Protein chains: 6
Amino acid sequence: MTNHNQPLDILRPSGRAFDQLREVRIERHFTKHAEGSVLISMGETRVLCTASVLEKVPPFLKGQGQGWVTAEYGMLPRATHTRSDREAAKGKQSGRTQEIQRLIGRSLRAVIDMKMLGERTIQLDCDVLQADGGTRCASITGAWIALSDALTGLLQSGALTQSPLTDSIAAVSVGMVRGRAVLDLDYIEDSDCDADVNVVMTGAGRFVEIQGTAEGMTFDRADLDALLALAQSGIGSLTVKQLDAVKN
Amino acid sequence: MTNHNQPLDILRPSGRAFDQLREVRIERHFTKHAEGSVLISMGETRVLCTASVLEKVPPFLKGQGQGWVTAEYGMLPRATHTRSDREAAKGKQSGRTQEIQRLIGRSLRAVIDMKMLGERTIQLDCDVLQADGGTRCASITGAWIALSDALTGLLQSGALTQSPLTDSIAAVSVGMVRGRAVLDLDYIEDSDCDADVNVVMTGAGRFVEIQGTAEGMTFDRADLDALLALAQSGIGSLTVKQLDAVKN
Amino acid sequence: MTNHNQPLDILRPSGRAFDQLREVRIERHFTKHAEGSVLISMGETRVLCTASVLEKVPPFLKGQGQGWVTAEYGMLPRATHTRSDREAAKGKQSGRTQEIQRLIGRSLRAVIDMKMLGERTIQLDCDVLQADGGTRCASITGAWIALSDALTGLLQSGALTQSPLTDSIAAVSVGMVRGRAVLDLDYIEDSDCDADVNVVMTGAGRFVEIQGTAEGMTFDRADLDALLALAQSGIGSLTVKQLDAVKN
Amino acid sequence: MTNHNQPLDILRPSGRAFDQLREVRIERHFTKHAEGSVLISMGETRVLCTASVLEKVPPFLKGQGQGWVTAEYGMLPRATHTRSDREAAKGKQSGRTQEIQRLIGRSLRAVIDMKMLGERTIQLDCDVLQADGGTRCASITGAWIALSDALTGLLQSGALTQSPLTDSIAAVSVGMVRGRAVLDLDYIEDSDCDADVNVVMTGAGRFVEIQGTAEGMTFDRADLDALLALAQSGIGSLTVKQLDAVKN
Amino acid sequence: MTNHNQPLDILRPSGRAFDQLREVRIERHFTKHAEGSVLISMGETRVLCTASVLEKVPPFLKGQGQGWVTAEYGMLPRATHTRSDREAAKGKQSGRTQEIQRLIGRSLRAVIDMKMLGERTIQLDCDVLQADGGTRCASITGAWIALSDALTGLLQSGALTQSPLTDSIAAVSVGMVRGRAVLDLDYIEDSDCDADVNVVMTGAGRFVEIQGTAEGMTFDRADLDALLALAQSGIGSLTVKQLDAVKN
Amino acid sequence: MTNHNQPLDILRPSGRAFDQLREVRIERHFTKHAEGSVLISMGETRVLCTASVLEKVPPFLKGQGQGWVTAEYGMLPRATHTRSDREAAKGKQSGRTQEIQRLIGRSLRAVIDMKMLGERTIQLDCDVLQADGGTRCASITGAWIALSDALTGLLQSGALTQSPLTDSIAAVSVGMVRGRAVLDLDYIEDSDCDADVNVVMTGAGRFVEIQGTAEGMTFDRADLDALLALAQSGIGSLTVKQLDAVKN
């Protein structure tokens, strides 16, 4: 029995309103070697996103006059409540890790003109220093800023004369928690929710990725509409913060 | 410039109408050892789905009085137009493979009452004999039948007294091809589409998974609405075929 | 105490005579992408054998004006009575798998003129859909047909002007079961036998491979002679079926 | 021609005196989940050291009434001047990584009374966020603080009644650069040096580890004496900072 | 055109007669830790075979009151003419290595009464120090002596009261070289031969394994008969040397 | 309470004086294929060291007109008191193995003029046939002889006109055992010691590597001085034996 007329006073563990993002902090130039380096915090979730410019492309693109954008994702072993095994020590990345890094890469490729980028690769690395839910969305939102910084550097050095960025990209999770749609789930809500949807949208409000999953309870079309509306609003706010960050 | 008033006469490579599924064939008991064994064909895509009953549960569920459903996915090396490397020989499953098998497992778990299943695992194996687009959706749709057959066996042997199945599950892909929403993409359309969405729904019409991706071109809310409507209709047809198959 | 005057009325679990093959079925063009694609059934053992033409050779043969034939072998996890782990998920092929695929490759190379093949590789994939004993022999017998079909295609397209095939190849297992030599062991007999020998021969009746193993009980020269005679006869029958199949 | 009467005015790339440490910063509680979490900076080298308390011991210590301390080490891919491959993606830890994490673990075990620790493990994770030389030494120095914080937590919760820490531990690198011994090499000096020695000492001034290596030029006993004297002095300063940090 | 009336004066690269073994040397107690340790030389091929007694059985045999014998095989990287990659560094054993170690294990299990051995494992390690053809046969012949020594130790210590050895085992290779059957191929002949057969027999002259392979040229029944006769004679000589060695 | 006035009569398990090396035996040309092949014995520790000349360099050195020297290390599974798992079977080299082989390679590179070596690699393989402590030191001492023999071969063949060897290299372990410094620890002393230091020095008495470790008890500067003096003396004796060996 889903109630779509949800009141503003829904009690979330964090005390946030149902349509309220966590506090977003963006620290650019967090490390010094990378061409773009951003520490993004969505509440207690903190992800270090670096963009590295590599003057080469993967084999399948060689000699085609175009570039590539790709991503890798990792979590420090004690980013989480209890320690997780180190993937490098186990000798392989989990299915979850691979799924997330593929998502990040696809998302960012959606706003890059690969021809204009030229025969180079922007390699994004999203490493979670502290996890409290929503790490993949924070990674995408932060990685876009690192990517933008790296491209600005290429423009300033004259390696590029025109930016290959066609729009901004941000991501947020929304979910049905105890029958109500809420925005930007933290870890407690994520563990407790019936269904969650990760939404990636451009600054212009177009969809790039929608990944909705119901492990606990299936959802209907009205639920989905409510969730997508929340996501759209949340991404609007994130876009403002991103554009503000790269302006300075 | 998306046109949502798309005419019925859209020219698809296969000659199908924009809202027409490929021919669906379901062969139960395709192999003899598995408790459920279904060869499902969606047009030229053919997937062998087997369900194995294992009288044990994964370590994290031991002693909790409940069962588990999980899935693995594979493609024969020459299921595809050109030969792909054998994952067993390469020594690891690709990110794509892992993503798909996680999706299949999550989808089927959504319609199982794990307490009622008891301390046993149903292991689904979806192996693509021939690929022509939509292998993950065919896998889910076929695996549900194999799962149902395995559970029927447990009921007949008396190992279960009541079915833990709460509903049926089917999946279909929809996509924007040259500006129009079409149902059940084959390989040619899949290679050519701007955005595609894999939708998993229950027989009752509720969402289990939505995975929408725009590598070519982002999509707007109206596109999404058109795609979801097509998916809902396609899944309705698949559900009829599934229920018909298991009745015999 | 072996009895070489074995009567025709030996009781086999299948009811077959001691020198009787299982029913052989050969379905060519079982899948559509591969240049050769054969589903071979030896009784309940069913193996999908595909031949892929690759216009390249392995590094050690580059620039030597000759081709290569090689094979890989796999079993679907539930091809067997109880589910086996998926090798791709375990991250490596078992010793048994490697031994078998090396055997298949060596066997087929014995009837190919590599110079005449030219700088290309025929890659054979033998995937067991259902196992009931004798999968390696069925793989070799079926793979030869797939190989022949692929070569016929190269002749028809003009890529080859003369066939590099010098003979046919077939394989069968024979074994000592409870003191008697029998032909073409199925799973029950294989589990029960004292010694088994896999024999690969050309259509002309020459030996390509003999792999005899006694885990249960060693065998003497008279046993071996009886086994080889049975194998020769069985391979004669298989050769007739192969030639008949490729004629159509 | 080594000159042991080296003047104080040696020109180091950083402008430091030959016996001057880089600026040391210690941020405790840098992340919130770990029982100890320290971001240590030695100049531009920044390492996040976390200590996790695990209520179990490795198999070889089970039932022996004693605990264990162990360490893992990693570098974020873009901690370095040019991006390094991610070890989790490559599927194994390099020899260098393993060597370093073994060193960290051995070093910290030297100041723990394992009986007093009881049957639990303190797992240290040292992850380099930014590298500028000396990451293994910074890891050891920082990890000791994280370890100390974790043990303090166990004392405060009553899980321990007495601290198993017998002393502090710190580490520093020294090296022969263009014929002179200098303290605490940064990346530029490290790349340029003839020989470097990593020294781990207790707060009481006793040696725990000495790892001296001459890839460029071998060194004599007088060089070694000069290097060890510098190391002893540097470790004295680091010990003061460590004790100061954990006092607050 | 095979000639079975081959003269005694066939010219072998080594100057040996066609039915002449290489010089066999057996050094027992070559290393001191193993319960059996034999350096066997067949001409220039030298293999160190050790037998280790482990007071445990593999999981599939637990609690069944019987033992196990198994083998591993390796080659030092520069045992061969040109250096081969180290398998430990590559991270996997080749198909050839696995095939050989499976053969060694099966062979030796054929002469052990597993019930009489009791719940323990004899682990054989065959490491090739120098290779000049026939390493798998030398491994089997030498491993039997190491196994025998280990069992003698168990009898002497009272751990066994009766020997579980039912016979001896030896192995030799025979091959068709330029149309003639010869015994005990060295590397030059092995590279040059049309077909080779590895034969494993008991001291009583019964077959344990026959592995015949024709990569160069197929062989007929008369060839096989000639080869098996040579093998039988060669194994007779090896058996004498084995029994002589363990008597002292 | 360390006593530096240690009497000559300290009781070592082997009966050796505190400053006495184990018996050293050097067998050159132990195997025939390698360009250098030395079996070195330090008491009961026996290591086979081979040097292979490869006419190529690693990718990072291509086209730079210089050579490379590198090393790999392994232990036969039953070189040790109880059997260790085979690294090739486990699929990876342990951290200890990698640490040792990196040490061997670095040590030998210290006495080679890489320009003079030319674009070739000398690959050293150190395989422990029997272990009784000090295997890494024996490996270095033996590998230098194998390297020297390989270079002599290059000089004799005219491939080199001048030797790229700038000095000899030897290694020895020293340790604090029950409060006293002793030379060349065997396995019993190694297991029992408070601290041990592996020292690598040139024939000219200069340091190449010092690796000191205190797992049991930390050590002070006076301990270290005593240990280094012992090491220097031991390496002097080893150098004499090395030079004597290569003279013949």
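Using N, Cα and C of the backbone, Cβ positions are placed for all residues, glycine too.
Automatic, uncurated: that is what TrEMBL annotation is.
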Given TrEMBL lists E:Gly134, E:Thr135, E:Arg136 for phosphate, the same-site residue among E:Arg96, E:Arg109, E:Arg120: E:Arg96
Cβ-Cβ neighbours of E:Thr135 (phosphate binding site) (radius 10 Å): 24
Remaining residues near the recorded phosphate site, that is with C-beta within 8 Å of the centroid of the site residues E:Arg96, E:Gly134, E:Thr135, E:Arg136: E:Tyr73, E:Ile100, E:Val128, E:Ala131, E:Gly133, E:Cys137, E:Ala138, E:Ser139
Same chain, 6+ residues apart, C-beta under 8 Å of the C-beta of E:Gly134 (phosphate binding site), given in sequence order: E:Met42, E:Thr45, E:Val172, E:Ser173, E:Asp184, E:Leu185, E:Asp186, E:Asp190
Residue with minimal Cβ packing [other Cβ atoms within 10 Å] among the binding-site residues E:Arg96, E:Arg136: E:Arg96
Residues E:Arg96, E:Gly134, E:Thr135, E:Arg136 binding phosphate per the record - widest CA separation, whole Å: 13
E:Gly134 (phosphate binding site) in three-state DSSP notation: coil
For the domain 'Exoribonuclease phosphorolytic' (E:168-233), residues assigned helix / strand / coil by DSSP: 19 helix, 29 strand, 18 coil
Residues of the domain 'Exoribonuclease phosphorolytic' (E:20-150) by DSSP state, where helix covers H, G and I: 42 helix, 41 strand, 48 coil
